[in-house]
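Swiss-Prot annotations:
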- 19-49: region 'Disordered' (REGION)
- 75-112: domain 'EF-hand 1' (DOMAIN)
- 113-148: domain 'EF-hand 2' (DOMAIN)
- ASP126, ASP128, ASP130, ARG132, GLU137: Ca(2+) 2 binding site (BINDING)
- ASN140: N-linked glycosylation site (CARBOHYD)
- 241-276: domain 'EF-hand 5' (DOMAIN)
- ASP290, ASP292, ASP294, ARG296, GLU301: Ca(2+) 6 binding site (BINDING)
- 325-328: motif 'Prevents secretion from ER' (MOTIF)
Amino acid sequence: MMWRPSVLLLLLLLRHGAQGKPSPDAGPHGQGRVHQAAPLSDAPHDDAHGNFQYDHEAFLGREVAKEFDQLTPEESQARLGRIVDRMDRAGDGDGWVSLAELRAWIAHTQQRHIRDSVSAAWDTYDTDRDGRVGWEELRNATYGHYAPGEEFHDVEDAETYKKMLARDERRFRVADQDGDSMATREELTAFLHPEEFPHMRDIVIAETLEDLDRNKDGYVQVEEYIADLYSAEPGEEEPAWVQTERQQFRDFRDLNKDGHLDGSEVGHWVLPPAQDQPLVEANHLLHESDTDKDGRLSKAEILGNWNMFVGSQATNYGEDLTRHHDEL
C-alpha cells in the first residue's frame with residue numbers, strides 16, 4: 001500500500017547519514033502509489049493438500065516464519081503453547097482464545113514491519129532522548145541545520161528541497177494531533193505510515209494530487225496518470241500495457257466518467273477499501289480447530305491442530321519463533 005512516502009521514511013530505508021540530504025527525485029512511482037493491504041502470505045492457501053505454509057505465515061509473520069524450519073515438533077508445540085497463553089493474556093484472560101483475540105494476534109504479527117521502521121526512526125530522531133520526537137529534531141536530522149533564511153543555500157535546486165521540507169512539515173502537523181510540535185510514538189507512526197490512519201487520509205490524497213497534477217487544475221487527467229507510469233522515448237510505440245492502463249483509468253479510476261480524477265476518486269484509487277484479512281484467517285483457523293464447536297479455542301484444541309498454526313521440521317513448514325516469545 002503505497003504512494004510517495006515522506007522524505008524521512010526514504011532516508012531511513014536508504015540508510016543515509018543523519019546529515020545527508022534526500023534526493024529530490026526519491027520515491028516510488030506508478031502502481032506503487034496504491035496502498036493495498038499486502039497478502040498475509042504469498043504461499044497458496046492449500047490446506048486440502050496438507051500445505052499449511054499460508055496459515056503459518058499469517059499466524060507468525062513471514063520473517064519469523066522463515067526462521068523456524070529447524071524446530072523439532074516438540075519445540076514448536078512448546079513455543080506455540082506460550083503464544084496461546086500470551087494471546088489470552090492480551091485479551092480477557094479467561095483461559096480461552098476468542099475470535100477477536102486470534103484476529104488481534106494475526107493483525108499484530110502483520111504490523112511488525114511498521115513497528116520496526118518506527119523504532120528505527122525513533123532511535124535516530126529522538127536526539128535528546130526525552131521520549132518524543134520534535135519537529136525541529138526531525139527536520140534538522142533529515143535536512144541539516146540551517147540558520148533562518150539560509151535554508152538550502154548550499155545545494156542545487158534549493159526550491160525543490162524547500163517544497164519537500166514544507167510537505168514533510170505539513171504531514172507532521174497533521175500527524176501531531178495535539179498540536180504541541182512533539183510526536184509521540186503513535187504520532188510518528190502516523191507521519192511515517194499515514195495510510196494506516198483514517199485522520200491522515202486527506203494528506204495522502206493531497207500528496208498524490210500534487211505529484212500527478214502537472215497543470216495544477218486540481219484534477220488528474222489521463223495523460224498525467226499515464227505520465228506517472230510511463231515515459232516514452234522519441235519514436236517509441238506505446239506498449240500494450242500502457243493502453244490497458246488508459247482503459248483502466250476510464251473504466252475503474254474515473255468513477256463519475258467526467259474524464260479526470262478528483263480528490264475522492266484519487267482516494268478510492270490509492271486507498272481502496274480493504275478486506276479484513278486477519279479476520280478472514282482467524283475465522284479459518286477457528287473453524288478448522290474448534291473441535292467442540294463452541295466458537296472459541298482452548299489451548300488443547302490449538303495444540304491438537306498445532307501443525308496448521310506453526311509446523312516444524314517434520315512438516316517441512318516449521319515456522320514458529322526463534323525470537324524470544326516476548327518479541328512477538
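Every residue, even glycine, has its Cβ placed from backbone N, Cα and C.
Overlay of Swiss-Prot feature records on the structure.
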{"residue": "ASP126", "record": "Ca(2+) 2 binding site", "contacts (Cβ under 8 Å, 6+ apart)": "ARG132, VAL133, GLU137"}
{"residue": "ASP128", "record": "Ca(2+) 2 binding site", "contacts (Cβ under 8 Å, 6+ apart)": "GLU137"}
{"residue": "ASP130", "record": "Ca(2+) 2 binding site", "contacts (Cβ under 8 Å, 6+ apart)": "none"}
{"residue": "ASN140", "record": "N-linked glycosylation site", "contacts (Cβ under 8 Å, 6+ apart)": "none"}
{"residue": "ASP292", "record": "Ca(2+) 6 binding site", "contacts (Cβ under 8 Å, 6+ apart)": "GLU301"}
{"residue": "ASP294", "record": "Ca(2+) 6 binding site", "contacts (Cβ under 8 Å, 6+ apart)": "none"}
{"residue": "ARG296", "record": "Ca(2+) 6 binding site", "contacts (Cβ under 8 Å, 6+ apart)": "TRP96, VAL97, SER98, LEU99, LEU286, ASP290"}
Where DSSP helix means H, G or I and strand means E or B, what are the helix, strand and coil counts for the domain 'EF-hand 2' (113-148)?
22 helix, 2 strand, 12 coil
Name them in sequence order: residues not among ASP126, ASP128, ASP130, ARG132, GLU137 whose Cβ is within 8 Å of the mean position of the Cβ atoms defining the Ca(2+) 2 site.
TYR125, THR127, ARG129, GLY131, VAL133, GLY134, MET182
ARG132 (Ca(2+) 2 binding site): tally of other CB atoms within 10 A of its CB:
17
Specify the secondary structure state of ASP292 (Ca(2+) 6 binding site) as given by DSSP, simplified to three classes.
coil
Counting only residues outside ASP290, ASP292, ASP294, ARG296, GLU301 in the same chain, those with C-beta within 8 angstroms of the Ca(2+) 6 site's C-beta centroid are TRP96, LEU286, SER289, THR291, LYS293, GLY295, LEU297, SER298
Would you mind splitting the domain 'EF-hand 5' (241-276) into helix, strand and coil residue counts from DSSP?
21 helix, 2 strand, 13 coil
